[in-house]
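TrEMBL annotations:
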BINDING   89, 121, 144, 239  S-adenosyl-L-methionine binding site
REGION    1-20  region 'Disordered'
């Protein structure tokens, strides 16, 4: 019951699309579109009709009639290609509209709300450009690799002459070896080579993504090498290949939305694909206001958000899309300085903690406290150690935060106990400038061999508060590696 209430609340928070309070009426659609009627199913004579969601022809026909009935769009795709669910795609468009209109990042690209977007892997359906252009008058470049996807995307654009001038379909060249992005992954299995190669040179990946088990992205260019040097966009968007293999893609027997291997599968799955988008974004920082992607696995959200802070983004925003029984997540980031203070969606907890268990007897609370102090001092952060209260107060600039997130150690001699610039109300010595991240680490003895480490954010509204949870995770990793004989 609790889960149902949470889902209902989330849906209300994301309301605003035509489907939020008015889901599709299959009986009405069948009366208006006779070709849809054969796909209706009834559990009993007076029940509301539904369709067989495992039937690709049924889901494709539903998408066609919904796009025509509610969006005045003429649309079709060939057999086997990914069939988009219209309500879910509308949710993504609606979130982008809110993000672009919120005045968080200064608008230097478009005027009068006529935003310009780049759709990564637009597919045969070309669904996002069609919806964005028809709902809001946005203009798009939609990219893809395969000839079939390009052909059908252009057909769908040309079948809607009232918006066709707003959409450009761009073929991505794929004819030489592309760079490799390695990402951490624990799932085993055979590697599937999704893409051929490209002759576009891309700078080496600067991220520290070492792992004994990894999956690689070997695909064609995504943004770098496709976006032209003189182009600027308000946003990019992407429905990435979620899966690592066709076998994984076929594990959900409850739905059938089709999908070719290129649309559904990528070595390393969505984690590798979006990591490449993150890498590309570091070279296109001024050409996009927002970089965004949909995410199919919540477990990847934390990982990718951490990578964003590592490359020095200015802001991260996230959301959850819930439609029926399907949940997806949206991730957005920008390198441009926000023009107004805004809480960063993930992560932004004010208080967080973890427990260290299995400590050896010689490792008490004071030893752990000194290790915390040493950890932050080695990164050049200002900190004050208080052995009476078993706390370390820390103040960090944005550059300091970036140092920790990139695992960089400062080769300078800073005092471990840095002196205060301003006294806080609780007596700790921190500079509470809005440009500095200020937090307290406390250590508590639980039982022999077990310590509780608590982190408290002092100012949740500071400009870099979103980095706190990721920095705390880094501290936890370091302490576990140094002190624990077994994981909590």
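Counting starts with 1 at the first residue shown.
A Cβ is built for glycine as well, from the same backbone N, Cα and C atoms used for every other residue.
The shown structure was predicted, so the numbers you read here are calculated from the model rather than taken from an experiment.
Residues listed for S-adenosyl-L-methionine, 89, 121, 144, 239, cover a largest CA to CA span of 18 Å.
Around residue 89 (S-adenosyl-L-methionine binding site), the same-chain residues at least 6 positions away in sequence with a Cβ under 8 Å from its Cβ are 127, 128, 131. All protein chains considered, the CB of residue 121 (S-adenosyl-L-methionine binding site) has 23 other CB atoms within 10 Å.
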